[in-house]
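Taken verbatim from TrEMBL:
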type	residues	note
DOMAIN	B:26-117	domain 'Fumarylacetoacetase N-terminal'
BINDING	B:125, B:197, B:199, B:231	Ca(2+) binding site
BINDING	B:127, B:141, B:238, B:242, B:357	substrate binding site
ACT_SITE	B:132	active site, proton acceptor
DOMAIN	B:150-420	domain 'Fumarylacetoacetase-like C-terminal'
BINDING	B:231, B:251, B:255	Mg(2+) binding site
């Protein structure tokens, strides 16, 4: 733990000292924003409820130049990014000599437009939530919920980039081919089983050449940081389309990200040992390293919140539906990078990996409505008496995530919000 | 059929009049190239064994300006592109007044570097080859080869963009987790069942807004043209990894495209009625249109050629392994666009769709070695006595495709060549 993690540090940006903020001076996540009437995306750092414009402030770690793009930040070495983090921490700290100068480079987050962190190249969605895989598997195969490959292979598949949007995304309920088991033929209809999935997004910052795998020891150097990711899913479309090549239109209508990329450096105090449960196979050598065993996992609370139109009309805020922890994942972020590249596949800066739905081990900890409603059979009863098996029009889903611990400052990922609009007619 | 298809047309570019060329004046496909020592990609038109540099020649259909990028050409309307085709046809025709001027904008294809036609956004691979799906399905499910959704849903899945390369691509045999049925646990090994897949690539040129499906009637306006696509596949990696979310590392190590995009306008004389076999379900209304029934299919011969290291050493050219026809596909290109967007997914200029492996109905017409060797059980015996179940190191696979017909000029897609290098140690 270096000085940037010291929980006693406070900032001259007052809102960063609010114990409830996701963005204290110990966090310093990166994102892109633009000012009203200004078309160009700028790179910024979230601090409290403000964003520091890195195109308007100069730091030695960036050669004393304005930060031109997220791509240039991603192209920096891990040591350069760590140096920038140290400089930002000093500059935003209480008593910093740069406070006066940097105040002019601050904007209220509420006053700017937040965008996707970068141009996303390829997007791969993994399936590391073993409790999710088990619960969903049980719905299809009660006797054999986990397939034989699950504990050996970090299961993943390619996802759709073009429909990835930023927090605040609104999308029309998708239509697709639906075929109920008792129907002879499918028909085109709006999805009746629309769902969310609670995931983390992992941004890649360094490339490997085609044909050259990334070893576990270098894997985290290829990771820029984490966001929240809502992998919206049309379960009925998925059930009919997914054999034999996997999910397609059941996912590609929308995917929502939170705007701030929280670096692995910020999360360093929350790293935890990665251990396989008793009796489970150990990872193959190419998915194993001493560092990964020692601190491959990340202790981060994940939550889903729902606000229905009735709640909104009654002036009620969203209701928390569940919480889980990223330590519930069966594979670490380093393992995802090592596995993805073991066949020679080239990852590139700006690529996005999804963790898969992170559910907890207990009933009530499912990261999707499919799990919480037992496949639509047991409606979830909300505090206001409403029921949900799947999402209804007007529902707003918010994902949240934060690390907190004894003697440590809370590090949050911000919010990932999306709203379901009615199907187009 | 307009004047540009007239088989009697000849060009002042002599090689375009060779009956064997893929690129007569009736074709006029687009691609990107660069000159030695010049880093910038230029847009060109293939004519015989030459390429006409569109950044060095001016056409009214492009506003009298040099063509700045493939993206700008894709952004043109279908009418503008048709006008450009007419102008190119006139300008390259025997007796054209522009011959002298345009001669300076010609380069020998052999002397330039050909690149990917554009920056590819998303890549979706479909599975329209019903004979392929049936043969492969039989290997896994002898009694029930085709899954119940096949004749209703154009099955597709997202593919990997970063590892797509251009004809001439060489790649190392991928490593991955392999588990033979008689083994207790998997291990990391070079693939032993490396294969090719004979596909067409379909480039998208027009975008639809997120949430707004493309109707069948407009679908072909969203298609720029066709290339060849080799969907290299590691069958043993695929068998172990693909449940439940589909192929991943078994495909993402390499995909090879041919450099020239042949437009649907060039293929107009080869359109054929699209008919479902007797007894098969008719497409749902969103996948149907009068135009599609009348001429949705494309009569195009597809071939796979193999050259082994022994052939190369003996000075022997490649051997043709099989041929099929794009009319063997179960879905048309318009249906792929309409299906892909029916859930609101936004296609964007530069997106790539793969047709899926196009095999013919007969034994010996399989578009992959998996089919030709009955899952590796019956080796293919080559003319020189060599045998192949799957690809060996040093093997070079060439895909070819062309349209030809009575009283019509042959329209070819060029070559899509790739070579397997040994696995890295």
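Glycine residues also receive a Cβ, built from the backbone N, Cα and C atoms like all the rest.
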Where residue B:141 (substrate binding site) sits in the secondary structure, as DSSP reduces it to three classes: coil
Close binding-site residues near residue B:251 (Mg(2+) binding site), where close means Cα within 10 Å, chosen from B:127, B:141, B:231, B:242, B:357: B:231
Sites among the recorded positions B:132, B:255, B:357 close to chain A [C-beta, under 8 Å]: none
Residue among binding-site residues B:127, B:238, B:242, B:357 with Cα closest to the Cα of residue B:231 (Ca(2+) binding site): B:357
Neighbour count (Cβ, 10 Å) for residue B:197 (Ca(2+) binding site): 28
Candidates B:125, B:132, B:197, B:199, B:255 (recorded positions) - the one closest to residue B:141 (substrate binding site) by CA: B:132
Per-state residue totals over the domain 'Fumarylacetoacetase N-terminal' (B:26-117) - DSSP helix, strand, coil: 32 helix, 22 strand, 38 coil
Reduced DSSP assignment, residue B:127 (substrate binding site): coil
Spatial neighbours of residue B:238 (substrate binding site) that are distant in sequence (at least 6 apart) but have CB under 8 A: B:247, B:250, B:251
Shell list (Mg(2+); ref centroid = CB of B:231, B:251, B:255; cutoff 8 A): B:125, B:159, B:160, B:197, B:229, B:230, B:232, B:233, B:252, B:254, B:354
Cα-proximity to residue B:197 (Ca(2+) binding site), 10 Å cut-off, over binding-site residues B:127, B:242, B:357: B:357
Cβ-centroid neighbourhood (8 Å) of the Ca(2+) site, B:125, B:197, B:199, B:231 excluded: B:198, B:229, B:230, B:233, B:251, B:255, B:354, B:355, B:356, B:357
Using Cα positions only, nearest of the recorded positions to residue B:125 (Ca(2+) binding site) (B:132, B:242, B:357): B:357
